[in-house]
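Visitor: According to TrEMBL, the record shows the following:
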type	residues	note
ACT_SITE	Lys16	active site, for sulfotransferase activity
BINDING	Lys16, Gly17, Gly18, Thr19, Arg20, Arg99, Ser107, Tyr207, Lys222, Gly223, Arg224, Pro225, His226	3'-phosphoadenylyl sulfate binding site
DISULFID	Cys208-Cys217	disulfide bond
DOMAIN	7-245	domain 'Sulfotransferase'
Amino acid sequence: GTSRQIPQTIIIGVRKGGTRALLEMLDIHPNIVVAATEVHFFDWDENYVKGIDWYRNLMPCSSGNQITIEKTPGYFTSPQAPERIHDMNSSIKLLLILRDPTERVISDYTQVYYNRVESHKPVQLFEDIVIKNGALNTKYKAIQRSLYDVHMEKWLKHFSLDQIHIVDGNTLIKDPLPELQKVERFLNLPSRIMSSNFYFNQTKGFYCIRSDGRERCLHESKGRPHPLVNNTVLEQLYSYFREHNAKFYRMVNHSFDWH
């Protein structure tokens, strides 16, 4: 009585915003099934040309009372993804998890840094990438990805604001339950996720998941320590994002506790 369905909900981003944590936490819910890997169907042309049946076959099996969710953080910043998702299902519900844009930039850098170290490739200091000739390097991809207003504008051309639920990534890490309860309401699901599904792991410094008699934490690559960043550079980033954040708050009729 189960079959593979095209997702009724997609976590569209943002990279280093907490998408994996959100997906793993939603997977607790009995009415949710989640795709195991990032699919990159709507943002990678080489996958998109394979067609909708290829996409469906990558989804888990689900029953009639379950919704399928996939997450690909690259969708949010992709120029093609909004229109392509709209073409598939114009009434789909989208989840967007965001965090302080400066923190997101540093986290983005940290992931690349560790990947390069593990591959024995040369690495650069954060400040040497972010500052060029004494000024902020606004062309740095990690900074571009944190311009939430610029990307959101593209999504709002294809979807109404009530189809996009924004999860506060900073709050999700500190206190997961209230954010997850908002998602349950947004998806019209019965309230099934409880405080007993989480426990704080002192070693890792964030919440881990307890469900079906099992305990699991996010992969060791999550929650890696960030480099200490020069205060002057931090202030330059805060200053640069301030106007973009204000514009984003107006777009979504909601403000966040960002610098």
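Glycine too: its Cβ is placed from the backbone N, Cα and C atoms.
Note that TrEMBL annotation is computational and uncurated.
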Visitor: Whole-number Å distance between the CA of the residue listed as 'active site, for sulfotransferase activity' and the CA of Cys217 (disulfide bond)?
Guide: 17
Visitor: Measuring Cα to Cα, how far is Arg224 (3'-phosphoadenylyl sulfate binding site) from Cys208 (disulfide bond) in Å?
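Guide: Between the alpha carbons of Arg224 (3'-phosphoadenylyl sulfate binding site) and Cys208 (disulfide bond) there are 15 Å.
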Visitor: Run through the Cβ atoms and count how many others sit within 10 Å of the one on Gly18 (3'-phosphoadenylyl sulfate binding site).
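Guide: Within a 10 Å radius of the Cβ of Gly18 (3'-phosphoadenylyl sulfate binding site) lie 28 other Cβ atoms.
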Visitor: Counting across all protein chains present, how many other Cβ atoms fall within 10 Å of the Cβ of Ser107 (3'-phosphoadenylyl sulfate binding site)?
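Guide: So the Cβ neighbour count for Ser107 (3'-phosphoadenylyl sulfate binding site) comes to 22.
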Visitor: For the recorded positions Lys16, Arg20, Arg224, which Cβ has the most other Cβ atoms within 10 Å, all shown protein chains included?
Guide: Lys16
Visitor: Across all chains shown, how many C-beta atoms besides its own are within 10 angstroms of the C-beta of Cys208 (disulfide bond)?
Guide: 16
Visitor: Cα-Cα separation of Cys217 (disulfide bond) and Arg20 (3'-phosphoadenylyl sulfate binding site), in Å?
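Guide: Approximately 11 Å lies between the Cα of Cys217 (disulfide bond) and that of Arg20 (3'-phosphoadenylyl sulfate binding site).
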Visitor: Measuring Cα to Cα, how far is Gly18 (3'-phosphoadenylyl sulfate binding site) from Cys208 (disulfide bond) in Å?
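Guide: Gly18 (3'-phosphoadenylyl sulfate binding site) and Cys208 (disulfide bond) have their Cα atoms 13 Å apart.
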Visitor: Please tell me which one of the binding-site residues listed here (Arg20, Ser107, His226) sits closest to Cys208 (disulfide bond), measuring Cα to Cα?
Guide: Arg20
